[in-house]
Each structure stands twice: as C-alpha cells, then as structure tokens.
Amino acid sequence: MASITRDIFKAYDIRGIVGKTLTDDAAYFIGRAIAAKAAEKGIARIALGRDGRLSGPELMEHIQRGLTDSGISVLNVGMVTTPMLYFAAVNECGGSGVMITGSHNPPDYNGFKMMLGGDTLAGEAIQELLAIVEKDGFVAADKQGSVTEKDISGAYHDHIVGHVKLKRPINIAIDAGNGVGGAFAGKLYKGLGNEVTELFCEVDGNFPNHHPDPSKPENLQDLIAALKNGDAEIGLAFDGDADRLGVVTKDGNIIYPDRQLMLFAQDVLNRNPGAKVIFDVKSTRLLAPWIKEHGGEAIMEKTGHSFIKSAMKKTGALVAGEMSGHVFFKERWFGFDDGLYAGARLLEILSASDNPSEVLDNLPQSISTPELNISLPEGSNGHQVIEELAAKAEFEGATEIITIDGLRVEFPDGFGLMRASNTTPILVLRFEADTQAAIERIQNRFKAVIESNPHLIWPL
C-alpha cells in the first residue's frame with residue numbers, strides 16, 4: 001500500500017507542507033490516482049501547470065510521471081495562473097487539468113487543484129483519490145503517456161484582449177504580491193489599452209513583500225499607498241495563483257467581492273434580463289435585493305469555489321461570486337473563476353465613467369465586520385459543533401434562519417453568520433447591520449450561543 005498523509009486531502013483541493021505532508025512520492029501516487037479516475041471517465045489527456053512557488057518544478061515532475069506511468073498523456077503548460085490552466089484544460093483537453101498551487105498559503109505549502117471532464121474535483125471526489133492511493137487501485141498502462149509542452153499565455157491573452165473592450169484607457173495600479181499573476185497581468189491590462197503601475201509583479205515564491213491574499217486588508221496597504229501617491233485611478237490585487245481579485249478605489253476604500261458582484265451582475269443583466277446570479281452565504285444582505293431590482297434571480301449558495309461552479313452548471317447562472325474574491329463568468333467566458341479576467345471585466349464597466357472610484361463608492365453598503373475566526377479544539381468536527389450550537393440556539397426577533405452552510409440568521413436590520421471552514425479547523429463568523437448598535441446587538445445574540453460551548457472562545 002502506498003503511504004500518504006491523509007489530511008492533505010481537503011474539501012476543495014489537496015494541500016500540504018512540502019517535504020513533510022506533501023512529498024515527491026505523494027505527488028507521484030496522486031498522479032496515479034488522478035489517472036485512475038480519468039480512465040473511469042474515458043479521459044486520455046490532461047493539462048498540467050504550476051504557479052510560482054519554489055517547490056513547483058519538482059512536484060510537477062513527480063505528478064507528471066504518475067500520470068504518464070498510468071498511460072495518460074500530459075499537456076504541460078509550465079508556469080501559469082490557475083485560470084490559465086483551466087483555460088488550457090477547457091480548450092485543449094476536454095476540461096481536464098491539474099494545477100500545482102498553494103494559492104495564498106505560506107511559502108512552504110503547495111498542493112493540487114483538479115478538474116476532470118469539466119468537473120472540479122471536490123469533497124467526495126477528493127476522498128476517492130485518497131481511497132485509490134490507499135488501496136493501490138491504480139491502472140496498469142499498455143504504454144507510457146506522452147508529454148507535450150506548450151505556452152498558452154499568448155492564446156489566453158489574445159482571447160481576453162479580443163473580446164473585452166474599454167471605452168477609454170484607465171490608469172491603474174496592480175499588486176500581484178509576487179504571485180504568478182505578476183508574470184501576465186501587466187501585459188494583459190496594457191494590451192487592453194491601460195496605463196499600468198506594477199507592484200510586486202516579479203514572481204517570487206518567498207513572497208518577500210506581503211502575503212498574496214487580497215481578502216486581508218493588511219495585504220492591500222501598498223496598493224492603497226500607490227493610489228494615494230500616484231496617478232492611478234483604481235487598484236487591482238491578486239492572490240498567489242490569480243484566481244481571486246481585490247479592488248481598491250483612489251481614496252483607499254476596499255471594494256469587497258460581494259459589492260464587486262453588484263456591478264458585475266448589473267452589467268450582465270443589462271444584456272441578459274432575468275439571468276440567475278449566484279452568491280455565497282457570506283455575502284452582504286444588500287446583494288439579493290440589488291440583483292432583483294436589476295431584473296435578475298438571486299441564488300444563495302454554500303461557500304466554496306467547487307460548490308459555486310456546480311451550482312452554476314445546475315442552474316445555468318451567468319455570473320457568480322463569493323466573498324473570498326472568486327468571481328465566475330459564464331457570459332462571454334468559460335464559467336471558471338479568474339482574477340485577471342474579472343479585473344478586465346471591471347475595467348470594461350468602469351471605462352464608461354470619468355470617475356471609476358465614484359462608481360464603486362456609490363454601491364450600496366452596510367456596516368459589517370471582516371471575517372472573525374474561532375479556533376476549534378483539536379480533533380473536533382466544525383460542522384458537528386455548528387449543529388450542536390444550532391440545536392439549542394434561540395435568536396429572538398429573527399426573520400429567517402438559513403442553514404445551507406452553517407447558520408445565517410437574518411434580522412430586520414442585519415444578519416449574523418457562523419459556519420465551519422472547509423479548509424481549516426475554525427468557525428467563521430461575520431456580521432452586518434444598518435447601524436453600529438444593531439451589529440452589536442446581533443453579535444451579543446451569537447456570543448451567548450457560542451459561549452454555551454465552554455471550549456469556544458469569543459473572538460471580540
């Protein structure tokens with residue numbers, strides 16, 4: 001039996017510490033397991049790419065060998081963003097691809113995001129890969145799979161520049177956080193006609209300037225300073241593998257993804273009245289009314305890019321987004337999340353205005369908290385903890401209790417959310433309300449529920 005660390009098999013991907021939980025052998029056996037799943041589906045060719053992490057080339061060599069030893073042919077597209085790998089998978093390999101990426105994790109992490117036949121592997125499908133490894137359920141190959149190397153950056157660039165059209169050039173600043181997006185973003189936005197100030201666009205897997213995670217305000221401070229001190233009208237930031245977008249206005253306001261989605265939804269609905277728009281359970285309560293007001297159907301879904309993608313397939317939604325910064329366009333695009341492409345679509349919308357920051361600042365806004373995290377005791381199951389809390393919880397004055405992903409409690413003047421993270425052993429909390437007094441009242445209701453479990457510590 002192949003030996004492998006079980007807990008690297010996460011809800012949305014495979015991820016671990018390189019050399020410790022994610023070894024070269026593990027990469028090889030994961031390649032063999034993916035090949036076995038591919039064989040079940042009649043898939044013979046898989047696209048393979050990596051981000052800019054230092055461990056990428058070595059892991060790529062071993063997972064590629066696992067695939068080819070099992071008879072799968074590999075289209076190796078080298079160092080790319082995760083969405084560029086998806087682009088190659090969709091256009092060259094029937095929707096099958098493996099991306100070697102640690103996303104926004106610390107430098108010593110890496111992992112794999114996988115899609116087969118157009119479906120993102122997540123949840124049960126990832127556990128099936130683990131079962132294949134543990135049971136040696138690999139396929140014997142009649143012949144070794146071939147490897148073809150191809151640079152797809154030109155085709156990706158030309159596709160976007162060919163169909164995203166700005167009404168005027170915009171002066172922008174971009175911050176790639178030394179992630180792989182930096183190798184492609186500047187050229188793309190210049191190709192669309194913009195003037196671009198580049199921050200930390202040199203790919204460096206040590207991430208020497210700040211962590212490549214635009215969902216955290218501390219990682220946007222350099223971009224905010226560049227906007228304040230320079231001529232740029234708007235700022236865009238990307239995570240380590242460039243599948244997420246952060247947006248900052250000229251005056252330093254962070255436009256969180258649920259408010260970005262208002263603009264994207266309005267734009268898509270202008271051309272497609274009645275279209276469905278999907279958002280995750282963490283999003284602002286102002287989003288659904290906005291979508292309806294602009295003639296769309298609003299659908300709330302579980303947090304997690306794989307859940308959003310499958311909901312898009314099921315419902316035929318044309319655009320979707322989640323609070324972490326993943327934005328998915330089916331209209332004029334392929335339905336996968338892409339930070340660089342979402343940035344291009346944003347610039348297309350904003351180019352109709354002489355004052356992009358004003359357009360963004362005028363989007364509806366409530367008072368809200370950032371994500372608050374509560375660490376869980378070792379070995380506890382977050383989903384079970386939430387169920388136990390919910391069973392004895394009382395929320396006086398609540399208008400609706402939504403349980404699609406944890407517990408989202410709606411009040412006339414705000415909401416509170418607690419859910420279990422699918423990636424780390426924490427509970428995630430978020431609050432939003434019309435006034436500071438309302439947000440404090442809602443937080444106190446949740447505090448009483450949380451503190452009914454003596455092992456949980458209230459984070460405020």
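Numbering starts at 1 and runs along the chain as it is shown here.
Note: Cβ is positioned from N, Cα and C throughout, glycine not excepted.
The active site, phosphoserine intermediate annotation in Swiss-Prot covers Ser103. Neighbour list (Ser103 (active site, phosphoserine intermediate), Cβ cut-off 8 Å, at least 6 residues apart, same chain): Asp13, Arg15, Thr82, Gly111, Asp239, Gly240, Asp241, Asp243.
Of all Cβ atoms in the protein chains displayed, 32 besides its own lie within 10 Å of the Cβ of Asp243 (Mg(2+) binding site). Under the heading substrate binding site, Swiss-Prot lists Ser103, His104, Lys113, Asp243, Arg244, Thr303, Glu322, Met323, Ser324, citing similarity to another entry as support.
Mapped onto three states, the DSSP output places Asp239 (Mg(2+) binding site) in coil. Per Swiss-Prot, the feature Mg(2+) binding site maps to Ser103, Asp239, Asp241, Asp243.
The binding-site residues listed here are Asp241, Glu322; among them, Asp241 has the most other Cβ atoms within 10 Å of its own Cβ. Largest Cα to Cα distance within the recorded substrate binders Ser103, His104, Lys113, Asp243, Arg244, Thr303, Glu322, Met323, Ser324: about 20 Å as a whole number. In the three-state DSSP scheme, Lys113 (substrate binding site) is classed as strand.
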